[in-house]
């Protein structure tokens, strides 16, 4: 099914298909040039993975480079590349790589490591993958840390099929998984709702004698929570204590989030107090969970109290928290409360957060000032705030919640223009935007594109798509989507099961009428 949008939106800018045999990118991906990774004889061939840049700026004016206008030595260029990567200035690092290539040289192994790690951390997995393959072709032997960085990048984008092939390649090369590898896999499988795959990883860790850390237990608690077994999740705490593992921030956060999700807010606050008594300092995740679930339960007084306490502790407010508060307060028409909190944030010296907060208020209030995504991003930049992948996601979600489909799409286009690749989270937001707007066919088109482009749908994808069909009163399609979710390896969570039950009840009533 193809898009038939009136506006000039196309799927060509979305995540391109990526296979482990070849890489194909369109012009929106930094005009990246790369050739097939293997020839007909299965031997490595040279690749080029360099963004085009203006020859007039061949020598960038930056603190790490020569001020004399002379070309830097190869050794100094490698050091400069590494310095750029340390401060996450990947674009200038890649320009220097282009200069090296133009002189017939390549980065050294250390520079390759920095580049791959930095590109992966900002979501530019395609370029990271191509550089990794070039590194292999040149005879360098990457350490497990680089394998993990690339694996994390693939899974963050939702490219499960490619990640699985990459794991097979690791085994073929004799590279053994370590604790970090397993934790990367667990993080993805739990988030994607892949129950069987999660237990497979946990069992493999036990078989290989790798101790289950607090991170692993935290993920298992979340898995129980998402599958409606919250009491079993809490019971896991005793097993953790018996194994002599101290309850750290990760485990406490998992417990608080589990209790909050199932409405046990009193117990969640008790655990929160106990956490502080044991001298474990709550982080942004802790506060985020407490504020989010109090908002969800309608206890805005407590949510705002926690929000104030969080700022008093000197923590930088998360845009997601802001959006939860604005959404709930806006629904109740409490714009005076929103304004008061905005002023308090400014008084605490949080100008950059205040700018984001004010703009999100404009979106939710539909005052018209920032109904155009491009205006929003320009305003952020004028405040000296560089939008991150997380900020783009929050902004896209803000538009999606209002049903502003075209603006949601524009946010994702602007995000890619900043060099940030789309991932499954962003595409799920887009499905939600179309669902809220009652455009279920376009929501389905996004899902079909996800499948065709090699990105693996997760449980959120399916739940969001089912909600879109519920809103469109296409109840008969919901069981079909549910079955497809199960066949694809995603274990339905509590929300997905509730959506299915809603659809089945409607279908049963219809059947009784006839």
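These residue numbers are counts, starting from 1, taken along the chain as shown.
Including glycine, each Cβ sits where the backbone N, Cα and C put it.
The repeat 'PPR' annotation in TrEMBL covers 108-142 (among others). Looking only at the repeat 'PPR' (108-142), the predicted model's pLDDT averages out at 87.
Using a Cβ-Cβ cut-off under 8 Å and counting only residues 6 or more beyond its ends in the same chain, the repeat 'PPR' (143-177) has close neighbours at 15, 18-20, 112-113, 116-117, 119-121, 123, 125, 128-129, 132, 184-185, 187-188, 192, 208, 421-424, 427, 450, 454-458. If you look up TrEMBL, you'll see 143-177 (among others) marked as repeat 'PPR'.
The domain 'Pentatricopeptide repeat-containing protein-mitochondrial' annotation in TrEMBL covers 158-274.
Broken down by DSSP into helix, strand and coil, the repeat 'PPR' (178-212) contains 27 helix, 0 strand, 8 coil. The repeat 'PPR' annotation in TrEMBL covers 178-212 (among others).
Annotated repeat 'PPR' per TrEMBL: 213-247 (among others), in sequence order. Through the fold, the repeat 'PPR' (213-247) approaches residues 179, 182-183, 186-187, 190, 193, 195, 198, 202, 205, 253-255, 257-259, 261-262, 264, 278, 280, 459, 491, 493-494, 497 of its own chain, all at least 6 residues removed from its boundaries and within a Cβ separation under 8 Å.
Summarising the annotation, TrEMBL assigns repeat 'PPR' to 248-282 (among others). With DSSP states grouped into helix (H, G, I), strand (E, B) and coil, the repeat 'PPR' (248-282) comes out at 26 helix, 0 strand, 9 coil.
What TrEMBL records for 283-317 (among others) is repeat 'PPR'. Per-class residue totals from DSSP over the repeat 'PPR' (283-317), listed helix then strand then coil: 26 helix, 0 strand, 9 coil.
According to TrEMBL, the feature repeat 'PPR' maps to 423-457 (among others).
For 458-492 (among others), the entry in TrEMBL reads repeat 'PPR'.
Fewer than three CB pairs closer than 8 A are found between the repeat 'PPR' (178-212) and the repeat 'PPR' (283-317), and contact between the two stretches is not assigned (pairs 6 or more residues apart).
Within its own chain, the repeat 'PPR' (248-282) has Cβ neighbours under 8 Å at 214-215, 217-219, 221-222, 224-225, 230, 233-234, 237, 240, 289-290, 292-294, 296-297, 299, 302, 313, counting only residues six or more beyond its boundaries.
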